[in-house]
Amino acid sequence: MPLLAPTRPVQAFLLLSTCLPDHEYLDRPNTNNCMLRFTAVLRRQQFLIRALSGEAHSRGATEIKVMAEGNLEADAVSILRRITPLLDPNRNKGQAGKIAVIGGCREYTGAPYFAAISALKIGADLSHVFCTKDAAMVIKSYSPELIVHPILEESYSVRDEDKGFISSKTVAEVAKWIERFDCLVIGPGLGRDPFLLDCVGEILKLARRSNIPVVIDGDGLFLVTNNLDLVSGYALAVLTPNVNEYKRLVQKVLDSEVNDQDASEQLLSLAKSIGGITILRKGKSDLISDGRTVHVVSSFGSPRRCGGQGDILSGSVAVFSSWARQVQTTAEEDATFSTSNPMVLGCIAASALLRKAAFVAFESNKRSTLTTDIIEHLGRSLEDISPAC
Ligand SMILES: NC(=O)C1=CN([C@@H]2O[C@H](COP(=O)(O)OP(=O)(O)OC[C@H]3O[C@@H](n4cnc5c(N)ncnc54)[C@H](OP(=O)(O)O)[C@@H]3O)[C@@H](O)[C@H]2O)[C@@H](O)CC1
Ligand SMILES: Nc1ncnc2c1ncn2[C@@H]1O[C@H](COP(=O)(O)OP(=O)(O)OP(=O)(O)O)[C@@H](O)[C@H]1O
Ligand SMILES: [Mg+2]
């Protein structure tokens, strides 16, 4: 079942729109033309799906799985159109979103940058990064657009007797800002230093007390998988695990192995077991559940698996879920929409946009496609679906 009623009337249009870049069919209003291109793209997609599954030799099995998942396919284009705000000259800086990424350490500076810059490229007004001192100068040098706070500390730079004081100081620093943020992305490039993770656990508790939505990714998932109480039952929390992170989560919460045959049921039960938080399981198809519903986003995508695409996704989920919450508070009467979980809507929108941008970037860059190329296609990809004005 789609989450939203179609905002534009023709069903066939929506069917096409889940499979084809908008510019491909909007340029060609002729239906026959459209159908020919649709068939060609569908064939190309099915080939891609078979190739990606590594089961090109067992075609029947793959197609059955795709058909079964197809029933849950989200109407991502309608959701993107519904929640993306128009650029209105009466709005002020900040109203399109203020996002903060908590991540970035000695080893990883790319991940927090990707998440934070993606939020801006999609249309958020302000994007902050809270990272370690070592990472801050590097991240600042990537982009003058980001507001970078060098406040996190790792064990190697703190004496044992100072840890309590430093931890309180770090959390107090974030507390000064937290009410201004629409969403925190916790974990891209955070690393696994125990002292740093303890501090971030305190920041997560603070976000929860302040009712600030959180998207947990990367090493943030390492933290919460070992401390489930940090997020359990928090409806404004989204987890975005990749294959390894999901495996660890399933083992910890369900005490079992990942079951790809009943992937939707397992995800549903995982989300329910953590108190109805939203989980976006990343993979060949992205699966999204809050313990009540399961949705699949499998449109577009790319066979290139360069690191950093998950970071784009986490920054994007933060923006789209904030927009979904904003639209719901101002939306006219529409029961289906206003009762939908905004965190789920944000996941569907982010997944669809990332996959579309990755597809378009791959079309031109093929094997050399990098995360920065995908980021460059976020704006155009969103514009094709939901024009700015
Ligand atoms: N350009 C950048 O800056 C990018 C930075 N990135 C950042 O990298 C971080 C890790 O994310 P990832 O995606 O590599 O983790 P994942 O798939 O779970 O693990 C793969 C394997 O590595 C291992 N392992 C991981 N961390 C370890 C550690 N500290 N020490 C020891 N082992 C560790 C892990 O082992 P295991 O979990 O099984 O113990 C598994 O075998 C995260 O902060 C992410 O945001 C990415 O976003 C990409 C772009
Ligand atoms: N096998 C695949 N085929 C097609 N698309 C995929 C595949 N695996 C992942 N993706 C897409 O890439 C996005 C990022 O997922 P991925 O598993 O690479 O995250 P990640 O490992 O956390 O990335 P990062 O390197 O940023 O940490 C997903 O949302 C999904 O849409
Ligand atoms: Mg990741």
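Cβ coordinates come from backbone N, Cα and C, glycine included.
Whatever TrEMBL says is automated annotation, not expert-curated.
According to TrEMBL, the domain 'YjeF C-terminal' annotation covers 76-385.
Residues or ranges marked as (6S)-NADPHX binding site by TrEMBL: G189, N242, V243, N244, E245, Y246, K247, R248, D311. Under DSSP, G189 ((6S)-NADPHX binding site) is assigned to coil, being neither helix nor strand in the three-state scheme.
As annotated by TrEMBL, ATP binding site applies to 282-286, 301-310. Sequence-distant neighbours of R304 (ATP binding site) (same chain, 6+ apart, CB under 8 A from its CB) are A358, F362, K366, R367, T369.
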By Cα-Cα distance, the member of binding-site residues K282, K284, D286, C306, G310 nearest K247 ((6S)-NADPHX binding site): K282
Those binding-site residues in G189, V243, D286, C306, G310 whose CB falls under 6 A of ligand 3, listed in sequence order: G310
Candidates near ligand 1 among the binding-site residues G189, V243, K284, G308, judged by a Cβ under 6 angstroms: G189, G308
Entries of G189, E245, K247, D286 (binding-site residues) sitting next to ligand 2, with Cβ under 6 Å as the cut-off: D286
For (6S)-NADPHX: widest Cα to Cα gap among G189, N242, V243, N244, E245, Y246, K247, R248, D311 in Å: 19
